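Feature annotations, courtesy of TrEMBL:
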TRANSMEM  12-29  transmembrane segment
BINDING   Gly58, Val59, Gly60, Gly61, Asn62, Gly63, Lys64, Thr65  ATP binding site
Amino acid sequence: MTTKLISAWYSNAKWVWCLFPLTFVFWLLSSTRRFLFRTGLFASNEASIPVIVVGNIGVGGNGKTPLVLALISTLRNKGYTLAVLSRGYGGSQTNFPCLVDKNDSAALVGDEPALISKRAPCIVVIDPVRARGVKFIEQNTAANVIICDDGLQHYAMKRDVEICVLDKRGVGNGYLLPMGPLREGVWRLKTVDALVHNIGFSAHKKSSKANFDSVMTAFEMRLQPSCWVNVNTQEKKSLAEFAVNVKRAGENTVFTALAGIGDPKRFFDTLENMQLKLDRTISFADHHQFTQDDLPTNGWVLMTEKDAVKCMGFIHKNAWYLRIDATIDDDFYTLIEDRIQAKSQLLVKKRAITPRQ
């Protein structure tokens, strides 16, 4: 997708109406597909353990991975054994399902699975066929809860909890692809279990509940900088310690920020709000596969954790990524756990009434 098209989605440009015939075809195909799954003409597979889907109705990144990491941490502390299922977008792996090792490169398994496996103590599996990936997890791991990173539109996989994440860009112009950024219409927001509004690092509360209470259960998610980590050595520095080191580097040191995420400006604004001097910012497409030619050869490089996992081993020593944590109301986790327990109780009842062979 070109930068011009993406910009048009979020600026209400009128020329996108030239794409209406393609959008009509997209609507027709996606609506037919949903109908076939809803009526049972296409099979939808139910798992024997609870499945949570964290996704969105549009294209591009909007904060799903920080939420997945927060879910892993919270549910693990409550005693659950988690498995994360991802498509593995951007990776070269062709043998699926694939159990991800924490030492696997992002080039092999994709940036998001690589990030999650390195940071979170959980099982990570990649498979573009989500229903097949779920079955693999059931049969080959000890997981009792599956978190599907993206996959809201994968109706062949039944799910017990649907979480939709939106960032400050919202739904853009509200049109389906390619006129707009949406894979499904805004109506879909009324059917999910929870809407999570990623307000990023904003210090000012802007309630998503005020906008969406009439149609869904909505929550705000904030992103909190945690620390800086060296891309190659994994050395950690607190935010305060890193700021001191930046000052010591001197005014002649060049600081470059780069980002290959859904909204690079969000990352650059975060750094500026942290009072970091940026001499240059470089934006790449979401899931960009970095090479040495993309990277500065001198000065300091500041990047996201998602980008860092793709640059390990071939970037110079003064490259650092900002680790962030997502915070969200306890009511959100209460809702999720209630859904998990409801599914678990239902499965117990089904097993009790199923005759033994």
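Cβ coordinates are placed from backbone N, Cα and C, and glycine is handled just like the others.
Gly58 (ATP binding site) carries a strand DSSP state (E or B). Beyond its flanks by at least six residues, the transmembrane segment (12-29) meets 5, 173, 175-180 of its own chain at Cβ-Cβ distances under 8 Å. Cβ proximity to the ATP site centre (mean Cβ of Gly58, Val59, Gly60, Gly61, Asn62, Gly63, Lys64, Thr65, cutoff 8 Å) flags the following additional same-chain residues: Asn56, Val165, Asp167, Gly262, Asp286. Fewest Cβ neighbours within 10 Å among the binding-site residues Gly58, Gly60, Gly61, Gly63: that distinction goes to Gly60.
Look at Gly63 (ATP binding site): DSSP puts it in coil. The binding-site residues in question are Val59, Asn62, Lys64, Thr65, and the one with the fewest Cβ neighbours inside 10 Å is Val59.
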